[in-house]
């Protein structure tokens, strides 16, 4: 309710407003009034009913009447009613025509404040003394690469843990003092990088990633930061500059969830939690103009949803619903139009005045009206606080210091300009006397009376607020808000299980918003069950099925385990949002973990039923109800155990790359030691313990016992047999282990005991052990989610490459300060004048007519642009303005040919009267609202990349480099030209990123025009002014520019020549000149009935008020109709007609390359893009080292698990499974690679493809090529770590081909890793979400493994599936690896593998077996024995190879076919990417033409 009060200062005359519910924050519209009225009705109705019930109850139990009246007087009081339940004041009656929403909210707060015994209202202020924040320079001193990462961290370890040196540090915030009392609204001013964000985070007690000096003191009343973080986290919150929400959720669902999590226990009596939260969220949505987006997805930069401004308001509304007492807002007006930004500040002011909250707001572009609302101001200058105190006195303080405030400059702009040496103006007579450096400003402030008074005030506050009683009051107020069954010390409002319930509901809504992943899993797994079970279809109840029956059980367990690995992806998708909500004290991360398990259970259960039902009966496992349900129970339990194990790994790590390697190693270990790949008796002693810790091993033993116990299997093959050998009697034996001479069947129990050392008595014991694993890892997962803090944030630190850092240190530049002092050079100098000629000048006129665009939302066609017309001429800057959601960005996308959805139903776009040609997109520059750049590149590299590929090939490399240098200087980026782009907090800040975005488009020398989408968003006023001056300079050099702008001051707007003004629905309300001092614009609106523009008003804000788009305003007419009927509209059409006729007469450019879609040839594109992708991998050592570590550890683990396997029958099978398990890491390698591909594809598709920087063919080719070197390294590492420990090289000693076969094996392994990356590229090429690509890769990988001939040979496959044997690439790879590794070596059976039987009377073993051995092979251990023959069924490894279809003589053919499969992957990647992702724009063009 706190911020629902915010509109109390808004206009109260707008309840009849006719246009409510649009995208701007509307203040108290009739929609807000209706939402508040409904909330009031519910609360008042509940209160009246509660009153009646209590009175009825008191009559029935008169002996308790006094107690009840006392309770009633204490707890009732939401709406004043008399003893009959009638309203005392009809303005508070929701059913009365006199109801007043603003008055109701104010009165509700008064009543809450008066009933302190029940509601226990408190206020919290903030005081800080000697506040200093610092970071460790070693955390981010230079960019890590593949080569320097290890030395870097070894050096750090040696310095900190061996030498015990603390290492260099840098100050982020210098010592400062301040006091903010409850009800005071404070603005934090400073240029980007001055330390404003760090200051707000520190006040909000969110200092993870940097340090606070031990001598610093921060107090919240009498509470310490430690107490705030531990017990009252939700009372002090920080709203980050960036938006971070679940994109699949709707706005309504997002905000209702936040409201539920902070719904107090001491709410008005009779009002349920859900009703309270639902209606409070509705009120806040209405207040912030979000009601119309209730059912719209929030979205993000890559998923379509609400507009950027609306998404910012969602973040604001979420904090509002948090109802925190201390609110730290970090540039929260970014992306809002000026009128909405002003109303947001008014809302915070009302909250501070009425509810006595303590808001702190960092704001970069602050109008005078907004500044006048603030009580106090904090001015930051490179980490120094150079002023703190009254906002009204700040201006005079600096004037008295000796600085001059120019006319028309707002106070906030004046204060911020003081931190820029090039902007501040010294008053006459004060030259040389005023402070110049940050340190001098700081010292002046410390010595000033104002500074000394602040120190005294802080000391007094700390003394006054140190009592235990005050702490106890805050504790009681917090406890009153908490739900039942919650510890008073908990920072949360609702209990743990209520949190789980609400989060589970939210997760269901997320699944509903994007069901593709779960549907893909369900139908993919069920489909795979049909495929896999058909491989083992209808196994006979005979000994010939022993291997396949156990293999089928193993594969069932293995497949379920593989699918669980993907859950790590979804865990990391939600982690940043969960961490944010933890900081808001909405819920425990453990509650989210619990709820995620609960909401995944239905999907898991459906998959378990679907997969196992099909699989069990198609394979023909034991068909009795008890056995089936036990099989289902064990498989489902094993799935849950593996799910919790992998979730535990995800929760224990901080990045996805960190998680994938241990997860893959663990999966490999659990798979190898399940008991099938290496039977329990054959495991080496040193690794036998792994089997004991393997939940799959216990599940597998139970499944084997379930299938084999007390079951006889008919013998399929006898030794000896055929010819004249007897068909019965003791002189023959069945071939499987566990057979008895003379018996025609094998006892299943004996078979499993002798082969696997399994016991049926362990069946239910093992189930209990699996349950134990489930419970244990469930607890570890929950615990780790709660205590793992995630990746550490950094202070705002510029990051340089190591070589650049050395150069800077030689130049004595202090890069460790974390900030670079930005000196703005003067442009009117000789250098600039000489370089002006370098700016590309236009000459072509671009115009459009009746442009209409609509999208389908559900079943409704919504018009986004409605017959918009206009033009952009060389030398002119046209401003595109309108409220948030008016269609400004959509118009830019439509004009620049960047729409990817929807239909352009009408309209034309012409250049010089001619239709757009194929070179249009590369002939324009488009500075997008999102600053998307490759995070591993430096600023200079990003600019050079754009220049090389977008400037004509006729321009030399030297000229391109010179132009890049010029743009760097033009945009004042010299100080960080060699800095790494990085990520937020460790790299460029917001301002620097925006400058880079503009620079990337300028270095392309767009010859036609430049589009800029909110280029000043997120910048301080001085930087915004310099950007506008730059835009003006470009236009003066002949460039045509169309620029959207959200929060222009009058000074900024004056730099523009023309204005295209849109209202919601994409309707034009004005297109024309601005005129000197905006006279043309103002006269137009006043001529057609608009109220007079006050002389001191900002025309931008006045226009929004005129058309009814400003909060609390109402249009007196439909200005779209006014425009259509105006003479200006007719003049515009006449001008368009004239341009259509005259401009087409201009001669065409005779450049032969003019119509080419790309400036650079394909080969040059390929070289540059491949180099960039390779460099990105090189500079992302976490990816490469994770990849290498996975290969090395898995290969070593595999190699030593099968260490020097012998050539017994089981040994040969072990070596075969060692090859099989070597391939298992494929899907983990794919999952490691997918995020890197997606991040590069997002950058390409959002920015580089629309600008025609390079072709999609180049993009795919570069991705394929850049991975090959790393795959060769992986293959080499895998070869040495696996081939020699397994001992395959020993098999080649018998033929003296150790080196030849070793080299061939290396080549095959390298090809395997190349195949892995190409398969990953094939899977992700046409899919949007990497989770789905990972699922698809698992399915393809499973099929490749299943049909490669290891589990089931070609001869044993059902006839239908033989084609899959030939289509599986692993068929040929396994054939090569096994034949090269095993061919031409002798076989020696283990003791238990010999078949023992007696020869007939009078025969030696050799005499009896010789005819059989000539046909079937094998050898006798005791040829001359007449009592017992010991027969081994195999003599040389070639027999084993023939059984599995591997032929050494065909190794060349097989390796060639495998290479062909790699080629198929690559070709398929090109085709699928073109089919699924390239045609989007093409489809729109076709529909537009039709």
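Easy rule for this one: first residue shown is 1, then count along the chain.
Backbone N, Cα and C atoms are what each Cβ position is placed from, and that goes for glycine too.
Sequence annotations record features per position, and here Swiss-Prot assigns topological domain 'Cytoplasmic' to 1-516 (among others).
Annotation comment: Swiss-Prot describes 1-12 as compositional bias 'Polar residues'.
As annotated by Swiss-Prot, region 'Disordered' applies to 1-26 (among others).
The region 'Disordered' annotation in Swiss-Prot covers 53-75 (among others).
Taken from Swiss-Prot, the feature compositional bias 'Basic and acidic residues' applies to 58-67.
Among the features that Swiss-Prot reports, domain 'ABC transporter 1' is placed at 151-407, with the record citing sequence analysis.
Taken from Swiss-Prot, the feature transmembrane segment applies to 517-537 (among others).
When Cβ-Cβ distances below 8 Å are used as the criterion, the transmembrane segment (551-571) is approached by residues 517, 521, 525, 528, 532-533, 536, 539, 596, 600, 607-608, 611-612, 615, 619, 621, 635, 638-639, 642-643, 645-647, 649-651, 656, 659-660, 663-664, 667, 670-671, 674, 676-677, 696, 699-700, 703-704, 707, 1227-1228, 1231, 1330-1331, 1334-1335, 1338, 1342, 1346, 1351-1352 of the same chain, each at least six residues removed from its ends. Swiss-Prot lists 551-571 (among others) with the feature transmembrane segment.
Feature annotation from Swiss-Prot assigns transmembrane segment to 601-621 (among others). Only residues 6 or more beyond the boundaries of the transmembrane segment (601-621), in the same chain, are considered here, and those with a CB under 8 A from a CB of the stretch are 518, 521-522, 525-526, 528-530, 532-534, 536-541, 549, 552-553, 556, 559-560, 563, 627-628, 631-632, 635-636, 639-640, 643, 707.
Residues 556-557, 560-561, 563-565, 567-568, 597, 600, 604-605, 608-609, 612-613, 616, 663, 666, 670, 695-696, 699, 702-703, 706-707, 763, 766-767, 770-771, 773-774, 777-778, 780-781 of the same chain, all 6+ positions outside the transmembrane segment (626-646), place their C-beta atoms under 8 angstroms from a C-beta of that stretch. Marked as transmembrane segment by Swiss-Prot: 626-646 (among others).
Per Swiss-Prot, transmembrane segment is recorded for 659-679 (among others), and the stated evidence type is sequence analysis.
The topological domain 'Cytoplasmic' annotation in Swiss-Prot covers 788-1182 (among others).
Per-residue pLDDT, averaged across the domain 'ABC transporter 2' (846-1090), gives 87. Among the features that Swiss-Prot reports, domain 'ABC transporter 2' is placed at 846-1090, with the record citing sequence analysis.
Under DSSP, residue 884 (ATP binding site) is assigned to coil, being neither helix nor strand in the three-state scheme. Of all Cβ atoms in the protein chains displayed, 26 besides its own lie within 10 Å of the Cβ of residue 884 (ATP binding site). The ATP binding site annotation in Swiss-Prot covers 882, 883, 884, 885, 886, 887, 888, 889.
Among the features that Swiss-Prot reports, transmembrane segment is placed at 1183-1203 (among others), with the record citing sequence analysis. With a threshold of 8 Å between CB atoms, the same-chain residues lying at least 6 positions outside the transmembrane segment (1183-1203) that come near it are 146, 149, 657-658, 660-661, 664-665, 668-669, 672-673, 678, 684, 687, 1177, 1214-1215, 1217-1218, 1221-1222, 1224-1225, 1228-1229, 1232, 1236, 1270, 1273-1274, 1277-1278, 1281-1287, 1313.
If you look up Swiss-Prot, you'll see 1217-1237 (among others) marked as transmembrane segment, on the strength of sequence analysis.
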Where does residue 1424 (N-linked glycosylation site) sit in DSSP terms: helix, strand, or coil?
coil
Please give the sequence-distant neighbours of the transmembrane segment (1217-1237): residues at least 6 beyond its ends with Cβ less than 8 Å from one of its Cβ atoms.
562, 565-566, 569, 656-657, 660-661, 663-664, 667-668, 671-672, 677-678, 1176-1177, 1180, 1183, 1186-1187, 1190-1191, 1194-1195, 1198-1199, 1201-1202, 1205, 1263, 1267, 1274, 1278, 1282, 1286, 1309, 1312-1313, 1316-1317, 1319-1321, 1323-1324, 1330, 1333-1334, 1337-1338, 1341, 1345, 1350, 1370, 1373-1374, 1377-1378, 1381
Do any residues of this chain, six or more beyond the ends of the transmembrane segment (517-537), have a C-beta under 8 angstroms from a C-beta of it, and if so which?
511, 548-549, 551-552, 555, 559, 563, 570, 603, 606-607, 610-612, 614-615, 618-620, 1329, 1331-1332, 1335-1336, 1339, 1342-1343, 1346-1347, 1351-1352, 1357-1358, 1360-1361
What else in the chain is close to the transmembrane segment (1333-1353), if you only count residues 6 or more beyond its ends and a Cβ gap under 8 Å?
517, 520-521, 524, 527-528, 531-532, 535-536, 548, 551, 555, 559, 562-563, 566, 569, 1216-1217, 1219-1220, 1223-1224, 1226-1227, 1230-1231, 1234, 1319-1320, 1323-1324, 1327, 1361, 1364-1365, 1367-1371, 1373-1375, 1443-1446
Quickly jot the same-chain residues contacting the transmembrane segment (1370-1390) by Cβ under 8 Å, restricted to those at least six beyond its ends, or write none.
1206-1212, 1215-1216, 1219-1220, 1222-1223, 1283, 1288, 1291, 1294-1295, 1301, 1304-1305, 1308-1309, 1311-1312, 1315, 1344-1345, 1347-1350, 1421, 1432-1441, 1444-1448, 1450-1451, 1454-1455, 1457-1458, 1461
Distance check, please: Cα of residue 1424 (N-linked glycosylation site) against Cα of residue 888 (ATP binding site), rounded to an integer number of angstrom.
96
Report, in whole Å, the straight Cα-to-Cα distance of residue 889 (ATP binding site) from residue 1291 (N-linked glycosylation site).
68
Taking the Cβ of residue 885 (ATP binding site) as the centre, how many other Cβ atoms fall within a 10 Å radius?
25
Counting only residues 6+ away in sequence within the same chain, which have a CB under 8 Å from the CB of residue 887 (ATP binding site)?
864, 865, 1062, 1064, 1065, 1066
Among the recorded positions 889, 1291, 1424, point out the residue whose Cβ has the most other Cβ atoms within 10 Å, with all shown protein chains included in the count.
1291
Using all protein chains in view, find how many other C-beta atoms are within 10 Å of the C-beta of residue 883 (ATP binding site).
29
Through the lens of DSSP with three states only, how would you label residue 889 (ATP binding site)?
helix
